[in-house]
Ligand SMILES: Nc1ncnc2c1ncn2[C@@H]1O[C@H](COP(=O)(O)OP(=O)(O)OP(=O)(O)O)[C@@H](O)[C@H]1O
Ligand SMILES: O=c1[nH]cnc2c1ncn2[C@@H]1O[C@H](CO)[C@@H](O)[C@H]1O
């Protein structure tokens, strides 16, 4: 695994120790550090449209609209005829996240979901595979007769993105296709709330089986909320799922408001910490908040300027490292915030995937901790049972930097990792 940046000698990260085994693309649960993602497999079809086009088809702007196949195909054909489609990319919110994780960490991940058993050139499945990192192990995908999902990603002139999802066979993931040995040794499991709207579909049972397995084997579960109206429509189910299974919740400020009823992102994060152990709230041009727990005995004061918002002096202990509440003798809430890296790119064409990118960086830090704990269990870094390697403040920096990279390339999947060293990211991550 590539470590998230250079490190002080004290915490030497043994990345270059020779491995006795031959390299393998397949994840070997006993040997590899990896993250598992479960997703509705979707290919994104990018199209520029006008606001009138959305109105014509009654499509909710800024939302992920689940549409039956006939209507979605009508929309697709109209876009093809008017040459509005610019390209096909692999998508799916978790597919994007684990692809980005694999690119950042230069290490393996496992994708669970469906895949067309017979793949024709130019088909949605073909485009999906072409745009996914070879470090994403797809040997555990569940073969289906039909197409994977198609997500028509419509970009309006204001840069806002709206999805029309034609589900195809994306919800046919069977619970039997979930490999327990792969879940059991994972550094983390990541999934989204989207399958919770697939009522009565196999993927929902598969999702709960995966959650049960992660819980049984003590694997941290990370969930992203997807989109605001999904939260509004399935709030109770989401709340109970988070309470029962989730260790870290990732959402934007609109989703956070829909979940908690609180519009202030920091206060919403504080409320969400009653449900789960760690919370990421991205807030577009306002940057992002990362909040969680640490044990009072392990808290560390920041040397950054103290910030006050809805909570006074809220970032005071942002140099602490995240812990699960159950592992704290004296749990205290910790909050950190960061403004967009360099104020954000000069020109943002679309913000698609910026939040998923931030989440991939956090998963990298969680996996790095897992790797380090197994490589050097006696290190002082593991005197307490921490959830991540770095402090809240440091993870914020990294997450923010990755969001910037996504915004800059105007596509949700990173085409390459971050530079090894960067002047403007001083201290630990890129320390010389
Ligand atoms: N307009 C902007 N200016 C500067 N930075 C931005 C802007 N929009 C987003 N960002 C950066 O990207 C991060 C994530 O953005 P945002 O809150 O839009 O994510 P999101 O809505 O969850 O995205 P998605 O669901 O498409 O992954 C922000 O925390 C910020 O660092
Ligand atoms: O219903 C859905 N299930 C899974 N992924 C989705 C859904 N709707 C949109 N996205 C995915 O979200 C990504 C951007 O964050 C896009 O790549 C899109 O494919």
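Cβ coordinates are placed from backbone N, Cα and C, and glycine is handled just like the others.
TrEMBL lists 39, 40, 41, 42, 43, 44, 92, 93, 94, 95, 96, 197 with the feature GMP binding site. Classification of residue 96 (GMP binding site) by DSSP places it within a helix. When other Cβ atoms within 10 Å of the Cβ of residue 96 (GMP binding site) are tallied across all protein chains shown, the result is 30.
Residues or ranges marked as domain 'Carbohydrate kinase PfkB' in TrEMBL: 133-292.
Sequence annotations record features per position, and here TrEMBL assigns ATP binding site to 282, 283, 284, 285, 286, 287, 355, 400. Spatially close to residue 287 (ATP binding site) yet at least six residues away along the chain are 337, 338, 339, 340, 400, judged by Cβ distances under 8 angstroms.
When the binding-site residues 39, 286 are compared by the number of other C-beta atoms lying within 10 angstroms of their own C-beta, 286 comes out lowest. Under DSSP, residue 286 (ATP binding site) is assigned to a helix (H, G or I) in the three-state scheme.
Of the listed binding-site residues 92, 284, 355, the Cβ environment within 10 Å is emptiest of other Cβ atoms at 284. Non-local contacts of residue 282 (ATP binding site) by the CB criterion (under 8 A, 6+ apart in sequence, same chain) comprise 250, 251, 252, 253, 288, 354, 355, 358, 403. Neighbour count (other Cβ atoms within 10 Å of the Cβ, all protein chains): 19 for residue 283 (ATP binding site).
Filtering 41, 92, 96, 282, 284, 286 by Cβ distance to ligand 2 (under 6 A) retains the following binding-site residues: 92, 96. Other residues of the chain with a Cβ within 8 Å of the Cβ centroid of 282, 283, 284, 285, 286, 287, 355, 400, the ATP site, are 252, 253, 288, 340, 354, 403.
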